[in-house]
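Taken verbatim from TrEMBL:
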type	residues	note
TRANSMEM	12-31	transmembrane segment
DOMAIN	14-443	domain 'Major facilitator superfamily (MFS) profile'
TRANSMEM	83-100	transmembrane segment
TRANSMEM	106-128	transmembrane segment
TRANSMEM	140-159	transmembrane segment
TRANSMEM	171-190	transmembrane segment
TRANSMEM	261-282	transmembrane segment
TRANSMEM	294-310	transmembrane segment
TRANSMEM	330-349	transmembrane segment
TRANSMEM	355-373	transmembrane segment
TRANSMEM	385-407	transmembrane segment
TRANSMEM	419-441	transmembrane segment
COMPBIAS	450-469	compositional bias 'Basic and acidic residues'
REGION	450-501	region 'Disordered'
COMPBIAS	485-501	compositional bias 'Basic and acidic residues'
Amino acid sequence: PPANAGPAPDGGWGWVVVFGAFISIGFAYAFPKGIAIFFKEIQDFFGTSYGEIAWVSSIMLATTYGAGPISSILVNRYGSRPVVIFGGLLCGIGMVSASFCTSILQLYICVGFITGFGLALNLQPSVIIIGKYFLKRRPIANGLAMAGSPVMLCTLAPLNQFLFDNFGWRGSFLILGAILLNCCVAGALFRPIGAPTASVKTQATEEGKDALKEEVTKDAVEMGSPTSVPMETKMEEEGGEDCCEKINQYLDFSLFKHRGFLIYLIGNVLMFLGFFAPIVFLAPYAKHIGIDEYSAAFLLSILAIVDMIARPTTGIIANSKWVRPRIQYFFSFAIAFNGTCHLLCPLASGYTGLVVYSVFFGLAFGMVCAMLFETLMDLVGAVRFTSAVGLVTIAECCTILLGPPIGGTLIDTFGDYKYMFIKCGAVMVLAGTFLFIMNYYNYRMLAKEEKERKAKEEDPKSVRTENEGKNNWNKETAQDGPELEPLRAEQEGLKKEMNGT
């Protein structure tokens, strides 16, 4: 790295940066879930259906997830600080203008698109800047910043209810707009390191190349976001390439020929149909069966507290020597466990039943979030990880967008919440089962290919190529795509020569 860009300090001002990231990441994740508290009242106010009101959360979530690439490009260009401050301003403007809305369509635009885009501009830069301030302690720093998500959800749910009781939903939106302006303060803490972004980028590239594999594996355990890891690694790898190259590098379409990736993609897209809807409808459901508002809001806090404990615990379990080689099975189990919770939810009568449901849902939710990236990395390898997450996120946007409105439509049609929970449960159990069976098949195929390779090498004349074969096999498993075809053909040819054919 150039002399004027100092190395990652691993402390000092870095901890202030972590605090800023804690705030902005917390808002980015918790806000779309916490806002569900107002849905029942807004729905009565505008006289709309559940299906229509659920689009507010959906559009917000999908915009936050989908605008990741735009956010990263902006950070590349202008650095983290201005992007986060601008994002905070957008969030504030979106919520303040939402308090003057006179139709549900205006809410979609103000809360869904404007605030959602503001939150996306808060999320990526926060993760990226932690990567610049920390090297050795990065997993700890990332873990602390990511804890912002459940902590904020704990606080936002009861706070939103309190605001609503005192100021109505319009007043609450005004105040929430003002609270979201704190993201600008968080952004102001993101002091650029050493030289302007260009040299920091070079430095990040140098450090990133070595730390990439290890760092992503460690971080991914603690991450709850589909875009946070890739943005950081993407930054490090991109340097100053032009736009077309960026798109090519961000989306490596040869992954669609990769068996493991396709299994993961289909399973995940299916899973997201039922992943967010239960969180969005938990508080309205509690109010619907006659539970008071504060207790209903407290259910989200319980869920968040359990989620907070579940994520690091799952990370530790998934990293153990028994689970690590078969992490795909553990992931499938977590998804199916999630679905089972939703299927059993309609049986929960009264408040105690819902508290039990929230505890189990929090546990299942945390387990899935903790392993979301770890499993993808396990399948495609570190080299193609950035690309893979880009493709997965874009595919997931559609089902994240559709999940809650489909749930809302079911509630409108049957006038009962249980069908929404059953739909989410069934979809997730199906996704978990699919992943389990297909990964079993994938492990079998990989073992078979390994066996064939060994049989070929057992010929005494081919001893010399054994090491080379091993290296190539490692490369193949890391990036099993068409770009290696020539290499593989060459290797086959070499083996044939050695075997005297």
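Our numbering is plain: 1 for the first residue shown, then up by one each step along the chain.
Glycine is treated like the rest: Cβ placed from N, Cα and C.
Worth saying up front: this structure is predicted, and the values here are computed from it rather than measured.
Outside the transmembrane segment (12-31), and at least 6 residues removed from its termini, the chain residues within Cβ reach (under 8 Å) are 60, 64, 84, 87-88, 91, 115, 119-120, 122-123, 125-127, 129-130, 133-134, 141, 144-153, 156, 180, 182-183, 185-191, 224-225, 228, 304. Listed by sequence, the residues of this chain that lie at least six past the ends of the transmembrane segment (261-282) yet keep a Cβ under 8 A from its Cβ atoms are 33, 36, 39, 50, 54, 57-58, 61, 255, 296, 299-300, 303, 332, 335, 338-339, 342, 345, 354, 358, 361, 365, 368, 372, 375-376, 379-380, 388, 391-392, 395-396, 398-400, 402-404, 406-408, 411, 417, 420-421, 423-428, 430-432, 434-435, 438-439, 442. Pairs of Cβ atoms less than 8 Å apart link the transmembrane segment (106-128) most often to 171-190, out of 171-190, 294-310, 419-441.
For the transmembrane segment (419-441), same-chain residues at least 6 beyond its ends with a Cβ under 8 Å from one of its own Cβ atoms are 263-264, 266-268, 270-271, 273-275, 277-278, 281, 328-329, 331-346, 403, 406-408, 410-411, 413.
Listed by sequence, the residues of this chain that lie at least six past the ends of the transmembrane segment (140-159) yet keep a Cβ under 8 A from its Cβ atoms are 14, 18, 21-31, 33-34, 37, 126-127, 130, 133-134, 219, 222-225, 228, 283, 294, 297-301, 303-305, 307-308, 311-312.
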